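To start, the structure itself, in structure tokens.
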């Protein structure tokens, strides 16, 4: 900038055009990350696909910033003195601030993307190598942001600093909080954190905004400190965190916002963050790494951070005057920039992978309807079938024993096939074709299962009892709440034990056990069928037990009414069958 002024350049680079492009991309990425960990929005494959696309776009955009924006590696203090009182000072200040904000936004986008891979979600698999890569990237980007803030503080007089730009590095400070309480193994990051807090306090002498930022950072640090202290009480769990660590003492889950922003606090402040408990972090299903370099184009052979490590892509690397010498010095290419893709307008690339920023707001009612279940042809058919079968089982199960055995074998096989299919790949909202294919396959195999149950009568009786045990166990889970059965294996074993007990009871005590079982799961099926029309959420509660879909956090009174009605109707069915069947 200073050079352009001295040479009398009348046309400065179009900083505002690049700035607008950066804001547009920032909005789209925040929109994606705001929905990435919401229930029933993205499946894992779709989420990872969007992540990869946006990361490529961000890397390309970062390369364009280096080419288009002026370097921020020189002192401007002399320039301020030289042009004090001149109109040119406005150009210097405005251009510097805009360039600074654009560079910080770019780092913020990349930081938020990598940080989203640190969120722990019960419905997503975890990849230890990806977690370590994300941590390394977050530390590098956070350090870049903070160093750039130091440049702003050193080169622009405090009186001229626009305090709207000072909160930009809060996210970097939050990342560095994760390096505290580590017994000095990440000393360089701790020192950077302390220096940043000190700088904020100095700026705070002229602005209460800066002091409030310090209070916010300290508040988050206190949350992290308490979680760390609690995790220290479980040394065995800490040992299990080693596959996700980037240093010997990095054994705690990191602070990571679930919905992109650290300030998403309109409802529940703590709930905005991913879990900090090692027990919760390790309780979810794990998965071997699929290779994070597939997502970023970056190899990650080095996993441990040294306290004195200088990472390529640092502030010096980005803004140094001699980039060739720096690349030779660090011995690696720029990790934050991919080779430029085909030359095309950035907006074309963005819109190609567009996610409407207002999608969630506009679609929230649709999401709720999908969750509760719409009244369509499939729902009407399923409701009618379940009502007929449920009524028949409840009141005539013992009399129609042959039919019952066939239907039980059919139902057992259908449920088994659907559970396996949903475990492998559950249909997402809108994937009606996949759901229909699953249903057709389940029905075809169901006829085979029903025929086998009739052919092997004892096995058929066992299946009748197993369905009764399943109904009783799922009923208990529904009443107690999923929090007691949050672990998949606990829920699976609980249901399996009841199925086995129910099966043997019907085999050895045929009449009373069969009446009990048929009345219970007949009543259960009856009310699920009714809910296909009433849509109070009862069938969603049942399905959440089957394939680990998140049920509503608060069970409505109507659902409790359906649960109570299930008990009442099953009791009436038992009395009716005992009265109308012979011993």
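Glycine residues also receive a Cβ, built from the backbone N, Cα and C atoms like all the rest.
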Segment assigned the feature transmembrane segment in TrEMBL (from 521-538, 539-556) | 521-538
Find the average pLDDT over the domain 'TM7S3/TM198-like' (383-578) in the predicted model and report it.
-> 79
Tell me, please, if the transmembrane segment (521-538) and the transmembrane segment (436-454) are in contact, taking contact as 3+ Cβ pairs under 8 Å between residues separated by 6 or more positions?
-> no
